[in-house]
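**Student:** Please read through the structure below; I'll follow up with questions.
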Amino acid sequence: MQKKITIYTDGACSGNPGKGGWGAMLMYGDAVRELSGYSPATTNNRMELTAAIEALRALKEPCSVALYSDSSYVVNAFREGWLDRWTRNNWKTAAKKNVENTDLWKQILELTARHTVTFHKVKGHSDNPYNNRCDELARQAIQKKP
């Protein structure tokens, strides 16, 4: 039986593009692990994706994951079937343009294949303490830098 893991993620950018940070919280029972990172030149969408990628990468065995993000970009790609269409169309959008951030989408597809993942949309900058903490981790990463 797979462990049930709850993940919250967020990405932030100072300028878009600009310096970026990401934050994630992984929760299993009473255990909480916080992750964060920095990129000197990126976009908000890349940081949102990176947060989810790094959180899933931190799991050492196949898990049942509920992943919460305030990014419609990340959540809708899975829930609305965007990724299925993009892969079928050789990474082209419906308008026949190249899908942005293909490198990251390929990574997250590989990681989600290892786990049972459900994506959930949360309202950003609201009263969700876990989303707010991830936002704080992402913003702190921008300030700290490596």
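Here the Cβ of each residue, glycine as well, is placed from N, Cα and C on the backbone.
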**Student:** Among ASP30, ASP70, which residue does Swiss-Prot annotate as binding Mg(2+) 1 at the site that also has ASP10, GLU48?
**Tutor:** ASP70
**Student:** Just going by other Cβ atoms within 10 Å, which of the binding-site residues ASP10, GLU48, ASP70 has the emptiest spot?
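**Tutor:** Counting other Cβ atoms within 10 Å of each of the binding-site residues ASP10, GLU48, ASP70, the minimum falls on ASP70.
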**Student:** Around ASP135 (Mg(2+) 2 binding site), how many other CB atoms lie within 10 A of its CB?
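**Tutor:** A 10 Å sphere around the Cβ of ASP135 (Mg(2+) 2 binding site) contains 21 other Cβ atoms.
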**Student:** Any idea what the Cα distance is from ASP70 (Mg(2+) 1 binding site) over to ASP10 (Mg(2+) 2 binding site), rounded to a whole Å?
**Tutor:** 7
**Student:** I want the residues beyond ASP10, GLU48, ASP70 whose C-beta is within 8 angstroms of the mean position of the Mg(2+) 1 site's C-beta atoms, in chain order.
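**Tutor:** My list of surrounding residues reads THR9, GLY11, ALA12, MET47, ALA51, SER69, SER71, VAL74, GLY124, ASN131, CYS134, ASP135, ALA138.
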